[in-house]
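Pulled from TrEMBL:
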DOMAIN    212-441  domain 'Peptidase S8/S53'
ACT_SITE  221  active site, charge relay system
ACT_SITE  258  active site, charge relay system
ACT_SITE  443  active site, charge relay system
């Protein structure tokens, strides 16, 4: 167990699960008294002068400190069983040490929800510290008991446990030392030939036109056209490496239309209609499509799919070094913090440094007079993409190639989610076109659904749309 002791330090704050830790506000002169009561935690936060080197990590390991996670601003999480922090504080590169407290575990957004309705019931993820030596079955039994549930009422996936509980039980769950975070389980939502010219995608260098030939892009979305490689939309003919059904067993067709539209923006090949030749940004690239649409019209299968599996499956099997994600977390009224899915993304890129994971910033820009970007898009190691206006004619009618637009592609779209993140990290990383995007239409779309889009053009093959994915797919190219 860890006595609450702090050494001298320079003031610094960091966000842990959306909660602010201010290392300068614990006590006068930034010190905890050595005589302070012992806290029941084998996990500590260390603040260091600079990023820890491998040699410094070895020194800490020799003292019993087992590295768990890096947050930011030189703040680290360690597993540490000795009951005194003085040996760690004696290291010249360590500024402060403080136990990983219960108050840091409950996600700040979940705290806000609980404060508004203290008697509510929420579906949550209880995220455990990753300690292989711990008895997971014992932990699950204890968690279920504290939540007032039977073990059969909880779903276990690695170090993440899903359950539906009264918010009055959250503190009891956070009391367990093996718990690292408690988060809501939010609903996932789906969030161009003109684009090529505006972005200079037609540039030719050294007599080479960059079309993406030889590269493979993975897209995780609703589906792709018919879901059959032999009868697929002509814009993708001969370049679909794999269709992977994840949300519906054996099905990757696209009744929604979003996934087909996304894929066309990324790598749709040349298909001529009227006097316009349309294509995506990298029309020579190959495609791996992961269909996330489930039987209930939502995204992802009922049993949780680890994000690392989503990203690394196409990467390992098909060498898809770019992974495009035009989906995110549904808006719930407040900016979402960095969460465990953000962490999964960061860990995946850290372990696979030549993998580029792209996420749309989101469509929540007009919902708050301030920052709205969070959750997956707040990950440190992904490329987060915001939206600009387009020169294409505005939404509201069938596409007319003769009509001119007064939109300014140098301006941010009103709906594009703004940063910074709750951790004050600058996001999005880049912005590209995101409005009135002309792209491929799924042949299986319900004609009634077209009322929610801009309309048809070129018969049943093309569709114009304002969408989350508009900006992302061109950046993925």
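One is the number of the first residue shown, and numbering goes on along the chain from there.
Placement of Cβ uses the backbone N, Cα and C atoms for every residue, glycine included.
TrEMBL: automatically predicted annotations, no manual curation.
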Could you tell me the C-alpha distance between residue 221 (active site, charge relay system) and residue 443 (active site, charge relay system) in angstrom, no decimals? 16
Measuring Cα to Cα, how far is residue 258 (active site, charge relay system) from residue 443 (active site, charge relay system) in Å? 12
According to DSSP, residue 258 (active site, charge relay system) sits in helix
C-beta crowding around residue 443 (active site, charge relay system), within 10 angstroms: 16
What mean pLDDT does the predicted model reach across the domain 'Peptidase S8/S53' (212-441)? 85
